[in-house]
Each structure stands twice: as C-alpha cells, then as structure tokens.
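Comments concern the structure below.
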Amino acid sequence: VIDFLNSSATNNPPPAWHGYSLAIGIACLTLAQNLLYQRWNLGSVKLGIYIRSALIDMIFRKAATLSSHAHLVYSDGAIVNLMSTDVSRIDTACLQMMIVFCVPVFTCIIVGLLVHLMGPSALLGAGILILVNPLLGWAMSRLAPIRKKASQFTDNRIRLTSEVLQGIKVIKFFGWESRFLERLSEIRRNELKNVGKLLYIRGSVAAASAALPVLASSLSFVLYAATGNELKPEIIFPAIAYFTILRTPLMVLPSAYTLTVDAYVAIKRIEEFLLSEESKPLPPPDTNHPDALTMKNASFVWEQLRGASSDTLVPTASSGTDEKTGDESTPTSSLDISEDGVLPYLSRLNLSIPRGSLVAVVGPVGSGKSSLLQAMVGNMTLSSGRVIRGASMSYASQTAWIQNSTVRDNILFDTPYDETRYRRVLRACCLEADLRLLPAGDKTEIGERGVNLSGGQKARLSLARSVYFDAGMVIMDDPLSAVDAHVGKRLWQDCIMTELRERTRVIATQQLHVLPDVDYVIYMQNGKIAEEGTYKELIAKDGQFCALMAQYGGVHAEEEQDVAEEEEQKEENDEIISDGTPIKSMGREPFVALSSSQTVPLPQHSDEKKADIYENESSGKDEKPVEGETAQQKLMSDEERESGAVKGSVYSGYLKSSGWMVWFGVLSFFFLQQAANVLGNQWISWWSSDKFDLTTDEYMGIYVAWTLAQLVLVFAASLLLSFAVIKTAGAMHDNAFGMVLHSPLAFFDTTPLGRILNRFSKDVDTMDNVLWSTLYEFTITSVTVLGTVILIIVSFPWLALAVVVIAVLYYALSIYYRTTSREVKRLDSNMRSFLYAYFSECLTGLGTIKAYSMVNRAIIKNEHRIDLGNRPYYMFQVGSRWLSLRVNFLGATLSFSTVVLMTATRFSISPATAGLVLSYLARISGDLNWVIQRLATLENNMNSAERLVHYIENLEQERPSERPESKPKDIAWPSQGAVSFNNVSMRYRPGLPQVLQGISFDIKAGHKVGIVGRTGAGKSSLIHALFLLSEIDEGQVVIDGIDTTTLGTLDLRPRIGIIPQDPVLFHGTFRYNIDPMSLYTEQEIWQALETSDLKAYVQAQEGGLDSMIAANGDNLS
C-alpha cells in the first residue's frame, strides 16, 4: 500500500483500482486467517471438554476403588481439589498450549520478513527475539516446582476448609471460630507466598515479552540509521508493523506457558492419584453357596497406619509435620505397608452364617464389632484366609449416610418404587409418625447430611433403606442405639423379627436384652471371635460373654431395667427442622476398601439402562421441589444467581480489598507506557520526514528515551498488578471465610457443602491464578486500542467517520455478546457446584454405596452431571468463537475502509502518515477481538469475585462475638450453674414454626437434670437456645443471674461445656484435637484423658499426644 502511495506521487501514478484491489485483498486475507483460527480454537475447546469429562470420570471411578490406606493420603477435600482445580487447569491449557509451539515458528517467519526488508540491521532485533525467548522459557520452567509446592498448600487449605464446614456445629459450641480462621489464614498466607512467586515471575516475563518487540525494533532502527541508511516510510513502517504483529503473541506466550506448566503439574498430580493403591476385592456373591456367609481362617486389616497397640483394633498415625507445607502430615515411610507386615485387626475368623438366620455381634467398645460387619460387606482388606458370600447385601451403618434428596429417594436408593412394600417398610421402621410431621411427607427434602432430622430419624431412615433394598442378607451396625427404648422395641419386633424374618440378618448391638431372640451370638474380643453359639450355650459356659451380661445389666434383667439401660444410650436429637451437625460419616466408613461386587470391571450398561438413569436424573427429582412445595418445605436453598452485568459493587468490593491507590497506580503505569509507545512511533514518523530539523543522533537519542520509558513503565505495571492481585485474593478469601464462619447455623443447614467448597476451591483458584492474566491482557490491550484509535484519527482524520460507525457496531456487538455470555457463565458456575456437591456427597457415603453394590449407578449419575455441566461450558466457548468471527469482520472492514480512503486521498496523504496508520492497523483487528474477549472473560472471571463478594457483603451474621457493655465482670462466671428458662420461644430460622414455645423452668445449681421426650419434643432445641445457636424470639435464658441473650457468642459459649451427640475430630494430633486453642498445660491434657479413660490408649501410641488422628477420626473406633 505504501508503494502504491509512493507511486501515486510520481508523474505516472497507477490507476485507483490498484488501491481498491489491495483493500479487497487485505480484507479477504484477514477474514481467511480469522476463520482458520476460530476452527482451530473450537477444536481445542472440544478437546478440552473431552479431557475434562474423562478425567472427572476417572477420578470418581478411582475414588470408588481407593484403598483405605491410600485414602489417608488423599482426603475427600484433596480428591475434590483434583476434580475441580487440577482438571480445570488441564482443560484451560488445551486452548493455550499450542501457542507455546506456534509462537516460536511465527517469530521466525516474522524475523525472515524483517531481514528481507531491512537487511542485516534487522538481525540485531531478530537476535534479541531469538535469544531472549529461550531465556523467558527457562524462567517459565521454574514455575513447575513452585506450582507443585503451592498446590500442596492448596490441598491442605481445602482439606481444612472441608473439615471446618463439616464440624461447624462443634466449632460454634466451643467458640473456636477465630482459632480455625487463624489456622486457615496461616495456610493461606503460605499458599499466597508461592502464588506470589508465580505471579511475579509471570509478570516479569509478560513485561519482557511486551517490551521485546519494542526493544528489538528500536535497536534495529538505531543500527539501520547508524549505518548510514535513510529512514524511508516504505522501510520503517512495514518493519514497525511486523514488530507490532509480534507483540500480541509474545504478550500471550507467558500466560500460555504458565497454563501449560500448571497443566503439566496437574497431570502429574492426577497421575499419582490414579496410580495410587486400590482396594483388594472379595469374590462376588456365590448364589449356589449353601450359607449366606462363610469365613475360613480369615484375617482382615485396615489399610492404614501401623502403631496400634495389640489390644486396640484401630490403626494409628505417627506424628509428622511437613516443613514445606506447614501442616501436619503423615510420614510417607509410615504408609509403606507390606502384605505380610500388617497387623491384622480381625484375626483368623472362622464362622458360617446360615441363610435366614439372625446373628448378633456383641462385645466391649473397640472389640471389633463394627470391623467384623465392615469385613462382611467388603470394606476391609482380606489379608489371609477365605470369604464366601452367598447372598447380596444391604447395610445400615452405625453413622447414617443421608443423601441431599427427599425421604423417599433416600429409602428407594435408586431402586424401583413398590408402594405396598414401601408402606410396609415405613411401618416396620416406625417412620410413619415422623413423615406426618414433615411438611411434604416422604417428599420433603431432608438436606445434605440429614440436617433437619434427628439422630434417631437418620438411623431409622438408614435402616429403612437397608430393609427396602432387595438383598438376601441385611447387615445392621447398632441401629437401636440412636432411638428411644419404646421405638427400639418396635424396631426389633416389627422390623428385625417380622419384616426381615425371611432374610439373613447380622446385627451388631449393645442392647443385650434382645439376645434371647437371636439364633446365634458372636462375642468379639481384641479382634477375634472369643466365644460363639446360641444365647443359652454362652450363658451356660459362664465365660466372657456371661461376664459382659453381668456387667451391663445382668443375665436375667427385667424389662424395666432393659428400658432404663436403653435410656442411658445416646439420646436422639429432636429437631424436625434444621437440626443436625454437618458431620461426615465417622468410624471407618468413608475410608474403606472396595467391596467385592464393585471391584469387578464396570459392566456394560445397555443404552436403555443408562438412558433410564439419565431420564430419572433429568426429571428434576434432585433439583426441583415437589409439586406444591413451599419455601418452608424446601430445606436446601437454591444457589443465588445474579442476572445482568456484574454489578459495580462487585468491582468495587474487589478493588477496595487491596486499596484503591494500588489499582490507581496500576492503571496509571499502563496508560503511561502506552503513551510512551504511541509517542515513540510518532517520533519515528517525524524522524523519517525530518519534521524538527534535528541531527540523526538527536532523533536517535530521543527515540531511545521513549523506548526505555516503555520498558520501565511496562515492568512497573506488571509487577504492581501482581502485588495487587495477591493482596486482593488474600483479603477476599479471609474476609469471605470469616463471614462464613460467623454465619448462623441455619446457613450451613440449608447450603450444601459442595457449594461452599466450590467457592473456596475453584473460585479462589480463579482469583489467584486466572484473574491476573485476564486483567493484564485486558488492560494492556485496551490502552493499546485506545492509543491506536487516537493516533489514527489524529494522523488521518478522514478515517474518523469509519471509526465511529465501526465503534457503534463494535459496542452493540459487545453488549449483545456479554448479555448472553455472562448468564451462560453463571449457569456454568452453578452447574459445577451441582456436580461438586454430588461428588462430595458420594465421597462421604462411599462405604455405604459400595456395600449396596451401587457404585456403577453412582458413576453413571456422576457422568450425567458431567454432561449437564458441559452444556453451558460448551455454549460459552462457542459463543466466544461467534464473537471472534464478527469482531474480526469489523476489523477487516476497518482495514478495508482505511485503504479505500487512502486510495481516494492518495494525492494528498504523505507516505509517512499512511505508514504510521497502517502499522497500527496491522493489529487492530486482533486487538479489537482481544479486548471484547478479555472483557467478557474478565466479567466471567469476576463471577468468582461476585460469589465471594456475596459472602462478604450479604451473608447474615450471628450476634457479635463480644458485647463489652454486657460482658460478665466475673471472669469465673458461670461458677454455680443455675439455669432458668423464662418464657423462651425459638425457631431455627425465619419463616419456620417455633420449635420452643413459651418454655419456662429452673435448674438449681449443682443439680443433675435429665431432659427426656420423644422425637421432635424439643430436647436439642433447648441446647440450641442455651448456646444461642439460634436466636430466641422472646423470653430469657438466665445462667447464674445473667441474661445470656444480652451476651456475645464468645462471652457465652467458651464458658459452658458440652459433649455433642456426634463427635467431631480434625486431622491433627491428639493434643490439637483436645486443646485447639492451646490453653492448657500438658499435665492438664493428660488429666482430661485419664478422666475420659483414654490415657492408656494415647500413651500406647507412637508419639503420645503428638500422634496423629486422621480426618474425622477415621483411625479411631
């Protein structure tokens, strides 16, 4: 085009159609390049979706086959982190990794064109580009070990976050919020130290990449002029165009390399998980076997850490602290358990259970009762001997696993609905009266972990599931311990003795009065069958079993004594709405070996069967309320989903987290560096036309000064942006989690754990690692486009008309696209939460799922959720391609219009001006597209900030932790323990009926008072009122003369103690679990253990108080 304009200034100008032909050619080439690029990009998107879907499915399948030993290394939180964050990094890298290979090739082509244009002078700039790029690559390669270390801290943070959310009720009981927030913040600070290193390296490399073309072009021009060459427009401006074209790919290269490195680290982490130890299966049921179950000299182990004493049937962990991650961890050496080096916890068992028999398993605490049942269903590892199972099994675990679904769905457990059988099971399990109390009967959503059911209701629901399931053998782990005496009697008679009379039944129990009714009794002691036989035979032996009977109620206890003993068992909770601690299944259930029926390869489901499951899943039973269901009947809240553009308050909340002045400095540096870039190129245009009549050295010196200014400013902008992102991410995480911790208990009852974890895993990862690239690329490209437009209009005013028209179309297109893309992105985020919630739920109840041989169905349901999540994600990516095609068409139109106008004004426009305008137009199409893409991506990524800002600004908070005006002046308060309830009324959350209505009573100091009542009477509600876990509507709770309703939470809760119904243990040492606030001396801790009859046990552990407890106490009985 410049040659055409130069020729137009001669005596024999070319015809105008030459110029118009050039305009058409430029437009066509631009459109063809764009079309090919978008096809490649769409292929990369599809590849990423395929890989993402396959990896999530593989991780889920692997989690279902993970050995209990490997599950010590990979907690539920770590597995969720692999599925969410690591898989997302691999998916994202599929769009970028080809850039890593293409940019060097592209650079070599541009260098060749520069050498052809400028001769040997271009080799200086080319040499800089060729030599510095490998150095930048080497710098980026240093990211891998830093990313790996940061991921370790991320795993620890997610694990602790998961534990805190599951144990939130206990944390609130004891007022431990600040301690756990401090511990989490410490891990977060260590995580951000490594993330900060990553961002500073990325910022430096990105700044160097952006500065490289500028530096290379400047040195080449200086050398070109210094060697006596004249700076002609037809040489200078095509060269500037070439160097300018290089700027965008070199700017994107650091981000692409970072994503590729992150993906590589994620692949290695997932590979390590997929290669971890799997459970060893039992053989599948043999229906031809005469007995329901036979064990021949069978020994079983928990594939966990060695160190348990000989009389203890639970594995223990030795103490260890990871100096690199700053968190307690299990020494790797302790995990190397050999086949013949593991102490069996169930030793040389020999038993045969006839079909249709009723067998009771009894013994003292820790004797191996639950372990024997776990071994029967395949949840322990068979180390020697033989096990033959002659029937399919169902299982009611000691701690009930409840799905986030309706009562009916929990009982059916994906089996066909038979109304007659269903009603019979409800009656047998004493659930009919409870269902009448629920708002929508058996279609009431009971919420994650059964938070709106009492302990007894959860136990009976779990029992009903095992009874309804069509299995030949029903395994029940102490289902009577969580219910009232009269309910237990009915369960025994109506369910176990009557409904299940034709099936084989094995029940572990401490209700010794029922033993005369059973066919066979197995007495466990130290992991062995110490005695076995009928009840009368064992009584006649006068052995250990007889001693147990004498110790716990006597051999000939009367019925009244039996009822009294049952009342001494753990009282069931009472709430019908919003009660229940968010606790994962305790004991060993989530960390068990795979049962035999699931260890065989996944059978090939027919398309019809898979389609049936998909149809059931899509029918909305998991997502939609039942017909006529009101907001009160629907327990779990829908995830909030904003509509319209991301509100200014979100951006404001994000920016103010690190301070406005920091972000003002970032923007100032970006604008100043672009101003230096524009003035530098304008200066070389003036140099080529000798506008100021200066010497070559003077022109050269000023040009070099503009170049150096660009280098300094772009480095300052990149590094300051890194600092701002790190500071903001840290502040927002701590603020959001602090608000979550101090939310009322009702929030946790109505919000799935997976939803909260999604915000503190995927959304926080976006804030840490993704948003920096988006902010950098959007800001530097936006100021570049702004500078380009200003320069073009000032240099070539005729182009202003075309720019205005295209700008209007560009704006309309961006509004149209962003309106759709942000809603699709929000839907994508919500569907991810839907997937994560199910994934977490299945991990929690994996032991139950495997015992029922329902792993295959769970896999299919998970695959369906993956497919549902892929839909909005794919639509979002296709929308991006749609936008790119149209924006590049506008860019091609602008280039076409420019050349047409230059042709029309070819006799008046100077070649220098035309060259300057064309050099910037060379990248205007790509920059316009990149601005909208980055703006849309920024808005979509700000959805992550939006979700955290929602927690920071909108979460309802409990009463203040301290109220100085009413704080007890006596530091020993309460010292007497006199309690008065005066006309107390309370509800669990607004809109629900009152669970306490005008309650008044007095408890005198020092008295021991028992609170009794059937399910739903309000027993645990009194505890809620006493600890102010729910706000009181009216009335007073007075302790030692002080009205507790006037106190802050920390003025009250740490001063009164409680033994919760559901125990909660955290991953850490015995010392940490007993005294997380570090308030007591070692002597006081040992005294507490002695009082609890645990001193000898802890002393026997390697490390004593510093020996490790697995998450949820899964290495304890």
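Placement of Cβ uses the backbone N, Cα and C atoms for every residue, glycine included.
Any TrEMBL annotation is an automated prediction that lacks curation.
On a predicted model such as this, the values are computed, not experimentally measured, just so you know.
Annotated features in TrEMBL:
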| type | residues | note |
| --- | --- | --- |
| COILED | 928-958 | coiled coil |
| COMPBIAS | 311-320 | compositional bias 'Polar residues' |
| COMPBIAS | 559-577 | compositional bias 'Acidic residues' |
| COMPBIAS | 615-627 | compositional bias 'Basic and acidic residues' |
| DOMAIN | 1-262 | domain 'ABC transmembrane type-1' |
| DOMAIN | 330-551 | domain 'ABC transporter' |
| DOMAIN | 664-940 | domain 'ABC transmembrane type-1' |
| REGION | 311-336 | region 'Disordered' |
| REGION | 557-584 | region 'Disordered' |
| REGION | 615-641 | region 'Disordered' |
| TRANSMEM | 17-37 | transmembrane segment |
| TRANSMEM | 93-115 | transmembrane segment |
| TRANSMEM | 121-139 | transmembrane segment |
| TRANSMEM | 199-223 | transmembrane segment |
| TRANSMEM | 235-259 | transmembrane segment |
| TRANSMEM | 660-680 | transmembrane segment |
| TRANSMEM | 700-726 | transmembrane segment |
| TRANSMEM | 770-792 | transmembrane segment |
| TRANSMEM | 798-817 | transmembrane segment |
| TRANSMEM | 883-904 | transmembrane segment |
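Looking at 93-115, 121-139, 235-259, 700-726, the range that has the most CB pairs within less than 8 A of the transmembrane segment (770-792) turns out to be 700-726. Regional average pLDDT for the domain 'ABC transporter' (330-551) in the model is 83. In this chain, the transmembrane segment (700-726) lies out of contact with the transmembrane segment (798-817); the count of Cβ pairs under 8 Å, excluding pairs fewer than 6 apart in sequence, is fewer than 3. The list of residues near the transmembrane segment (235-259) in space but at least 6 beyond its ends in sequence, with Cβ under 8 angstroms from a Cβ of it, reads 2, 89, 92-93, 96-97, 99-100, 102-103, 106-107, 110, 113-114, 117-118, 122, 125, 129, 133, 136-137, 140, 143, 198, 202, 205-206, 209-210, 212-214, 216-217, 220-221, 224, 229, 681, 684-685, 688, 773, 776-777, 780-781, 912, 914-916, 918-920, 922-923, 926-927, 930.
Residues of the same chain lying 6 or more positions beyond the ends of the transmembrane segment (660-680) and with a Cβ under 8 Å from any Cβ of it are 214, 218, 703, 706-707, 709-710, 713-714, 716-717, 720-721, 723-724, 727, 779-780, 783-784, 786-788, 790-791.
Within its own chain, the transmembrane segment (883-904) is flanked in space by residues 1, 4-5, 16, 19-20, 22-24, 26-27, 30-31, 34-35, 37-38, 41, 792, 796, 798-799, 802-803, 806, 809-810, 813, 817, 821, 914, 917-918, 921, 924-926, 928-929, 932-933, 936, which lie at least six positions past its ends and keep a Cβ under 8 Å from the stretch.
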